[in-house]
């Protein structure tokens with residue numbers, strides 16, 4: 001004949017509940033009293049303690065066997081309910097739970113000492129379970145909860161249905177036993193089913209909490225990635241800004257002397273290596289000192305800005321315009337021979353000479369003198385090439401300014 005030992009079954013349920021509680025706590029890093037997962041972990045812990053106490057009822061005092069043990073189980077149910085309330089944002093005052101536990105404890109004491117009845121104590125447990133499970137279902141039916149909530153709803157519904165059926169069974173067909181462990185195989189199976197359902201509820205809550213932690217980690221990872229991308233963009237922007245400040249003349253917006261010379265050296269080496277043409281232009285604003293002395297430095301700055309704009313508007317992407325200092329400008333023209341350099345120089349000279357002084361905020365008509373030099377075998381460095389362009393620049397000035405002069409081939 002098949003015999004199912006109640007004490008053994010409840011012991012297994014107790015250890016299983018405590019394992020769930022420990023696993024809960026192992027993945028949960030928040031305070032137990034302020035989070036849904038923490039409350040559910042405490043529920044599994046108290047449920048396991050209640051099961052182990054019930055399995056050891058023969059060795060425990062009568063008060064512990066009947067009142068303390070069942071009250072521990074009600075405390076476990078209260079933690080299930082409070083965890084669900086925290087999870088759904090419908091938290092109730094703590095005194096509600098304290099009153100629920102106290103009333104249940106008084107009921108167990110009454111059914112143990114005043115009107116002792118094992119069946120009625122089982123009925124009270126079933127009623128408490130059904131109440132907690134049904135109210136948890138009510139709270140979990142709110143919109144906007146995670147998808148995993150539907151699994152918890154299903155298990156809670158199964159637990160509530162079983163508790164109500166068990167309540168009806170124990171009231172309509174009492175077992176007439178004197179002690180809890182005196183029940184036979186039927187009682188063992190019924191009690192085990194209820195205990196397993198509560199463990200299953202705790203396990204489903206553990207799954208839901210694990211999903212929440214996973215989602216929190218995913219959201220945190222997304223935030224970190226967004227912060228990383230923002231930081232990377234900021235670093236890129238700051239680096240670009242620092243590079244611009246380090247390589248650009250603040251007034252004209254053209255390359256500063258250092259950047260122009262470094263880029264020019266590289267371009268000159270490339271032109272020699274591939275035997276390609278390279279030209280440089282040296283520009284000087286005519287009578288710039290007179291403009292500064294007569295109209296002030298602010299007027300001189302506006303002249304520099306307009307000349308720089310004229311250079312920038314007429315050069316290609318591969319060209320490099322720079323301000324070497326004061327009123328002196330230079331243009332580096334890769335892949336450009338003498339004829340093309342002459343055409344560009346005349347365009348810039350004409351553009352500056354025809355600037356509308358009133359429209360561009362200039363104090364007086366402005367002109368520039370330009371010297372051109374094309375890279376030759378005898379140019380040992382960029383400085384030497386610029387020096388040849390500078391020589392013909394001064395020749396242009398000496399011949400009356402506002403003109404272009406080409407350095408003669410060696």
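One-based numbering along the chain as shown.
A Cβ is built for glycine as well, from the same backbone N, Cα and C atoms used for every other residue.
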Name the residue range among 179-201, 202-224 that TrEMBL annotates as transmembrane segment. 179-201
Between 6-27, 116-137, which stretch does TrEMBL give the note transmembrane segment? 6-27
Using DSSP, how many residues of the domain 'GGDEF' (276-409) fall into helix, strand and coil, respectively? 58 helix, 31 strand, 45 coil
Counting CB pairs under 8 Å, which listed stretch among 39-56, 94-115, 152-173 touches the transmembrane segment (62-82) the most? 39-56
Quick test of the contact rule: Cβ under 8 Å, at least six residues beyond the ends. What residues does that give for the transmembrane segment (152-173)? 119, 122-123, 126-127, 129-130, 133-134, 136-137, 140-141, 190, 193-194, 197-198, 200-201, 204-205, 208
PLDDT averaged over the residues of the domain 'GGDEF' (276-409): 91
